[in-house]
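From Swiss-Prot, for reference:
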type	residues	note
TRANSMEM	6-26	transmembrane segment
TRANSMEM	94-114	transmembrane segment
TRANSMEM	146-166	transmembrane segment
TRANSMEM	351-371	transmembrane segment
TRANSMEM	407-427	transmembrane segment
TRANSMEM	442-462	transmembrane segment
TRANSMEM	494-514	transmembrane segment
TRANSMEM	546-566	transmembrane segment
TRANSMEM	597-617	transmembrane segment
TRANSMEM	623-643	transmembrane segment
Amino acid sequence: MTPESLLASASINIGLAVVALWLFSVLKKQPRNAVVYYARRLSDRHHHRPLSLHSSLCLPRFLPSVAWIPRAFRVPEDEILSRHGLDALVLIRLFKFGIRFFLMCSLLGASLLLPVDYYNESDLPTRREYSMDAFTISNITRGSNKLWVHFSCLWCISFYALFLLHKEYKEILVIRLQQMKELRHRADQFTVLVRQVPLCPEHNTRGCAVDHFFSKHHRFSYHSHQMLYDGRDLEYLLGKQKKLKKELEDKRHTEILSNGSQEHKQISTSEEKLREITHMIYHLQSETMLREKELPVAFVTFKSRRNAALAAQTQQHSNPLELITEMAPEPRDVSWRNLAIPQKILPLNKIGVILAAALLTIFFAIPVTAVQGIAKYEKLKKWFPPAMAIEFIPGLSSVVTGYLPSAILKGFMYIIPFAMLGLAYLGGSISNSKEEIKACNMVFYFLMGNVFFLSLISGSLLDEIGEYLTHPRDIPSHLAAAVSAQAEFFMTYILTDGLSGFSLEILQLGLILFDIIRSYTYGRGKERTPYLFSFPYFRVIPTVSLSIMIGMIYAVVAPLMLPFLVGYFCLGYIVYFNQMEDVYETTYDTCGRFWPFIHHYIFVSIILMQITMVGLFGLKSKPSAAIATVPLILITIAYNEYCKIRFLPSFKHFPIQTAVEIDEEDEKNGEMETHYVDAATAYNRHQPCLERVSSAESPTNLSQPLLGTDSI
C-alpha cells in the first residue's frame, strides 16, 4: 500500500466522520427524532430527566453543535456507576485504558522508535518513496545494534501494560465489592438456582423434593422456593390475550367515534373470544396442571446472603449430577427458555455451538481473502487483469486499495456479533449476561482469527504457500515479516473502524430511516414509542479489544499507527458515553463480570506482541535479543496466573466475608427480613407463566400475581 492509498483512506474516513457527527448534532435537536436519540431518557424509568429540545423553528435548532462532546469528560465515574451500573463503567474504563496505554506508547514511539527506524544507515530510497516501510522496523538492517532500542521499548511497553492491567483489576474488584454492598436489596444475593431436581418418591413432585431436602439440610437458613414450569402454552395464550385486548380497545375507540351497530357486534365477538382464552389460561394455571408441567429447576431463597453463598458454592447431594446449585442471576437477567433445557442436552448444545462457530469462521475466510486481494493492487492486476482499468481514473486506485478493503471487511464483520449472540443463546446459558459473555469470547476469537491472522496470511503470504510447505522451519520468520508488511492495512482498518464505525454508531442512520418509513406506512397515526435496546456489550467489547491487540502488536513494529489509536479510543469514549446516557438501556448488571474476560483479551494481545518480536528479532539476525525476550514472555504468563489466583475467584463467586458484612449491616438496620421476603417473590414477577388470570375478572383487566413462593 502506498502513502497515497493511506492518505486516501484517512481523508475518506475523516470526511465521513465529520459529516456523520455534523448530521447527528443537528438531527438530535429535532423533536421527532427523540425516540431514537433519547430512547433511554424517554423510557418510563428515566422520564424524570428533562430533555432540552427546540420545539419552535429557530436557527439554533438547525445549527450543528459540539456541546455533547465535553459532557463525556465532565461526568465523574461515580455518576456513571450510579446511573448505569458497573458493567457500563467497565466499558468506559476499557476506553480509558486504551487512551492511557497508547498515549504513552505514542510518546515513546515518537521520541525513540520513529527516529531510529527512519534514520538508518542502509535505508533504501525506493522503499522510502513508495511505501511506509521507512517508518517501521522493516527499515532496520539485519544485525543492527539499533534493534536493542526496540528490545528496550518492548520491555517498557510490556511492563506498563501489566501495571495498568493490575491497577484496573484491583480497582474494579474494589468497586465490585462495594457495589454488592450498595445493591443489598437485590434478590439474587439471597437466591440459589437449583437444577436437576429429582422427583419426590412420596408425592411424585419435584417441588416437594426441594422443600424436603432444604428443610432438612438447611433447617435454620432455608426460607422458601419457587419451582419453574414449562410455560410455552401459557405464553402463547397470554400473548394472544394481550393482542385481543389491544384490538378490543381499538374497536371500542372506533365505536365511540362512529356509533355504529357493526362495531358493537365485532366488540361482542372479541369479548367472547377473550373470555374463552381467559378460561383456558385459568385452567392451565391450576395447581394440578402446573404440577404436570414442573421443570427440574427451582429458585431457593435463604434467610441470609451467607447461607445462600454457602449453598451455591458447595455440593448438595451425594450424587453430583443432582441438585446442582449456583448463585441465581438477578430476575431481569434470567434466560427463562434456556432454564427449560434438560441438563443432559446442554453438552450437545455446546458442541453444536462450537461446530457452528467454526463453520462460520471458515465461511468468512473467503471474503477476508478477497479483501486482501483488493488491498494488494499489484497482485490483483495479475490475478484479475480488468482491474487495470482503474488506473485510467486519477486517484481511484488509491481509494480502491486504501479505503475499500477495510470498509468491505468492516461491513462483513458487522453481522458477526449478532450471529455469535444467537449461537450463544443456543448454548443454553442460564442468563442473558452469560450469553453476552460467551458471545464476546466467540466474537473476539473470530476477529482475531479472521481479521488479524487470516489478513496476514492472505495478504502477505498467499504467494509463498509453496515455499512454506517445502521449508516449514521458516514459518515463524515469514509470519514476523508478514506483521511488518501489513502495517498499512491495519492502519486503514483502525481508521475505518474508529472514525466511520463510531460515527455511524452515534448517527443511528438505519434506525432513523426505519422510523421515517414506519411513520408514513404501517405506523401512521399510531403512538411512537422509544426505540429502546439493551447495551450491545457483545458487539463493542470484542471490537475494541481487537483494536487493542492490533495496536499492541504494532506498538514496536510500526509506531506511526499509535496516534491513530489514541484518536480511536478518544472518539469511542465520547460516542459510547453518549449512547449510555441517552440511547441504550442497562437491562442487567453483573457487577463487573465482563472485566476478567477483557483482561484475558489484553493478556493474549501482550503475549502475541512479544512472540511477534521474538520472530522479528530472529528475522533481523539478532538472536541475542530474541532469546532475551523469552523471559519477558514467562514473566507475563506468571503475572496472568497470579491474577487468576488473586482476583478472578472474587468475580466468579460471592465472597463469604462480603456476604457476612452485608448481612450484619442489614441486621443492624432491621432490613434483613424485608429483603429476603422480597427476594422470595421477585422471580414470580418475571416468569411469564406465573401470572394468574381469574375467570371472574373483566376482560380488559385480567392479570394478578399467580402463586406464593411455595408453589406446590
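Cβ from N, Cα, C; glycine included.
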When you scan the chain for residues with a C-beta under 8 Å from the transmembrane segment (351-371), skipping those not six or more beyond its ends, what do you find?
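Result: 405-406, 408-409, 412, 416, 419-420, 423-424, 426-427, 442, 446, 449-451, 454-455, 458, 462.
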Who are the chain neighbours of the transmembrane segment (494-514) in space, where the CB to CB distance is under 8 Å and they lie at least 6 residues beyond its ends?
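Distant contacts of the transmembrane segment (494-514): 9-10, 13-14, 16-17, 20-21, 23-24, 27, 33, 36-37, 403, 406-407, 409-410, 531, 543, 547, 550-551, 561, 564-565, 567-568, 571-572, 575-576, 578-579, 583.
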Tally Cβ pairs under 8 Å between the transmembrane segment (623-643) and each listed stretch (6-26, 94-114, 407-427, 597-617), then give the stretch with the top tally.
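Answer, by Cβ pair count: 597-617.
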Quick test of the contact rule: Cβ under 8 Å, at least six residues beyond the ends. What residues does that give for the transmembrane segment (6-26)?
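Distant Cβ neighbours of the transmembrane segment (6-26) are 37, 62-66, 68, 132, 395, 398-399, 402-403, 406, 488, 491-492, 495-496, 498-500, 502-504, 506-507, 509, 571.
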Can you name the far-off residues of the same chain, 6+ from the ends of the transmembrane segment (94-114), with a Cβ under 8 Å from a Cβ of it?
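For the transmembrane segment (94-114), the sequence-distant neighbours (Cβ-Cβ under 8 Å, at least 6 residues beyond its ends) are 135, 149-150, 153, 156-157, 160-161, 164, 168, 541, 544-545, 547-548, 551, 555-556, 559-560, 562-563, 565-566, 568-570, 572-573, 576, 598, 602.
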